[in-house]
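S.K.: Quick one: structure below, then a few questions.
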Amino acid sequence: LPLLLKATLLHLASGSYHPFYNGFYYNHIMNDNDDGQDKVDYFNGARLVVETSQDPVYSYNGANVTLPCHFRYEPDMGPKRKIRIKWSKLRDDYTKEQDVMVAIGKTYMAFGDFKGRAHIHRASRHEASLVISDVRLKDDGKYRCEVIDGLEDESDVVDLRLQGIVFPYQPPRGQYRLNFHEAEQVCQDQGAILANFNQLFQAWSEGLDWCNAGWLADGTVQYPIRLPRKPCGGVHLAPGIRSYGPRHRHLHRFDAFCFSSALKGEVFYLDRLAGMTLEEAKQSCQDAGAEIARVGQLYSAWKFLGLDRCSAGWLADGSVRYPIVSPRANCGPAEPGVRSFGFPSKGRFGVFCYRER
């Protein structure tokens, strides 16, 4: 122990300097003149303050959105040297960050999926807002706006939420057949992504009641119950989100809760007098300059475009469904929703097609 203490004191006394690294590269942080000479930067009494929107910012798939962020000094000391701006996307538990972009003056760099889609909006000297174009489903989440001025570093968080719909999904081979990675893939195949907890909670608050457990994006397995009943956790439990907690992503198998947002295009219905097989349905959509619709696209058209059709039609996964906005006789239950006939191995139906605008 005395030897270790002595070695530590010798190291501290040596005067060697190693700059602190917090995930952002500082270029001669002690000297913006970059002349190779360090200088002392005395605190001038001005406090850096960073503020974002306290309310969530709402957007939808394919839109452009601005995440507001402003900074100021208290008291205002007039023009400052060039500041650094860093935007990061956070996990819900704040344990990990994904770099979105960094900017110094008019120079900036975007990372990963945000390349070509993100830039800083600087309408005023103290603005650091982030503009994201062509919003994607996985852009939903919390973002940190960080402003760095010399040794001062302050940040705040803004929540981007996509307007969308959560739907439960089972594959053709039946209930509880998907591990986590398969659940991610089937949602993607249906024009969606795995829902997160906030999206499932929002869907529950809007009336979603589903007794089968499904994967969420964080690797937990949960399900929403509006009407407590014996097979769904028991009659004595209050309504809410039932949770199995985190599950093994390879070994355990459940259904999936998928999330889809508003559409860039339109969903429409085609039919023939004698109906169509699945292959004939796909060809009919192609002949109309479209493609056979995915499940997520049908749900989105039902919720956001008011698609109401009391005629069953094929979808891309081989299922047969139809959307009802105004319940009526011979069109299923008394509540609005997307009805399903499952995955018929044979039969002739119409088809729902999707076409970009």
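Numbers run from 1 along the shown chain.
Backbone N, Cα and C define each Cβ position, glycine as well.
Residues or ranges marked as signal peptide in TrEMBL: 1-15. Sequence annotations record features per position, and here TrEMBL assigns domain 'Ig-like' to 46-158. As annotated by TrEMBL, domain 'Link' applies to 165-260, 266-355. The disulfide bond feature in TrEMBL is assigned to CYS211-CYS232, CYS310-CYS331.
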S.K.: Counting by DSSP secondary structure, give me helix, strand and coil numbers for the domain 'Ig-like' (46-158).
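M.R.: Breakdown, helix to coil: 6 helix, 62 strand, 45 coil.
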S.K.: Just give the helix, strand and coil counts over the domain 'Link' (165-260), going by DSSP.
M.R.: 22 helix, 30 strand, 44 coil
S.K.: Over the domain 'Link' (266-355), what is the model's average pLDDT?
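M.R.: Summing pLDDT over the domain 'Link' (266-355) and dividing by its length gives 97.
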S.K.: Which ones in the same chain are close to CYS310 (disulfide bond), with CB under 8 Å and 6+ residues apart in sequence?
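M.R.: The answer is TYR322, ILE324, ARG328, ASN330, CYS331.
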S.K.: Would you please pick out, from the disulfide-bonded residues CYS211, CYS232, the one with the fewest other Cβ atoms within 10 Å of its Cβ?
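M.R.: Looking at the disulfide-bonded residues CYS211, CYS232, the Cβ with the fewest others within 10 Å is that of CYS211.
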